[in-house]
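Taken verbatim from Swiss-Prot:
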- HIS222, ASP224, HIS280: Fe cation binding site (BINDING)
- ARG290: 2-oxoglutarate binding site (BINDING)
- 195-299: domain 'Fe2OG dioxygenase' (DOMAIN)
Amino acid sequence: MAPVATATPFLPTISNETTLRQTFVRDEDERPKVAYNVFSSEIPVISLEGIDEVDGRRAEICKKIVAACEDWGVFQVVDHGVDAGLISDMTRLAREFFALPPEDKLRFDMTGGKKGGFIVSSHLQGEAVQDWREIVTYFSYPIRARDYSRWPDKPEDWRSVTKTYSEKLMELACKLLGILSEAMGLDTEALTKACVDMDQKVVVNFYPKCPQPDLTLGLKRHTDPGTITLLLQDQVGGLQATKDGGKTWITVQPVEGAFVVNLGDHGHFLSNGRFKNADHQAVVNSNTSRLSIATFQNPAPDAIVYPLAIREGEKPVLDEPITFAEMYRRKMSRDLELANLKKLAKTENQQVAEKAEVEAVVQPKGLSEILA
């Protein structure tokens, strides 16, 4: 018997369709409110030049980072010490990967619970609507947990460059966590130590041109669960953030060679809510593709989540210490519950509307209308 052919999944990168598939269409309240290229200057750009010097420079940098974390929980860093050539190589190789034929990318398909590889049109737990993107991801720390069989072997040099990139981003993340630890009145290593054995996951996002970008998202609104995230993005634009519950959104201005830094839920809890964990999302456009590389720094699953410093007059934002694994499980449960509640409300509203339409059609005429 001949083997059954497996259908190639829909890949946005090779789509020539002019109408968005229904599986990507978002409810109206989730659709973009601000264009991908209407940029805001609200997110500060902070130079890290002199961060290792024990003088006024470090104190000034610390002050700026803390202010940004207390306001938005998002800022950009330049003069960060990550080589421009490495950044260029990483972005070039990422684009080359997504330009590969489908069969080359799908060799690293993550379906079936595989850890690391290629994902097509992901969606958050409990949702049917898909994000307009393709992803390749790999787990780089702890080093002993690396599974190079899940790291793509194309294009050439991918593994060597991504390995170096991961190491440099780990160094930068620890440096930033040191600043925040000091701001909380703790030892420089406090936040890093709270992660126990820091986990690092790199997610390379490719957002292809979209036929109807006003109907969908590249990545739905969310907060990151981990400690801190460093995002490298190209100059297209599409990263958006909100700090008022989604009433207003801003598009982060791309800065050449900069990393966008945002605090995750774990970092928010460790600071007892002092440092914000901003909701953010990615929008797409019909003119050009967009690339971003997110490096997530997360605590070990068994790391304890509880405020490290509670200021006078404050109450802990958590009732009790829990593990990061439990914190993440609760987050996923809440997300699933909210998705189900929204789905139920949508169904009920549709039923009410349909009933109203039927009643409007069969409504008998009043006596005055008959005798008129």
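Glycine is no exception: its Cβ is also placed from the backbone N, Cα and C atoms.
Using a 10 Å Cβ-Cβ cutoff, the residue listed as '2-oxoglutarate binding site' registers 26 neighbours. Counting Cβ atoms from all protein chains shown, HIS280 (Fe cation binding site) has 24 others lying within 10 Å of its own Cβ. Residue counts of the domain 'Fe2OG dioxygenase' (195-299) by helix, strand and coil are 9 helix, 44 strand, 52 coil (DSSP-based). Across the structure, HIS280 (Fe cation binding site) and ARG290 (2-oxoglutarate binding site) are spaced 16 Å apart at their Cα atoms. The two recorded residues ASP224 (Fe cation binding site) and ARG290 (2-oxoglutarate binding site) have their Cα atoms spaced 20 Å from each other. Taking CA atoms as the reference points, HIS222 (Fe cation binding site) and ARG290 (2-oxoglutarate binding site) are 19 Å apart. When Cβ neighbours within 10 Å are tallied across all protein chains shown, the highest count among the binding-site residues HIS222, ASP224 belongs to ASP224. Same-chain residues with CB within 8 A of the center of the HIS222, ASP224, HIS280 CB atoms, the Fe cation site residues themselves not counted, are LEU219, ARG221, THR223, THR229, ASN262, GLY264, ASN277, ALA278, ASP279, GLN281.
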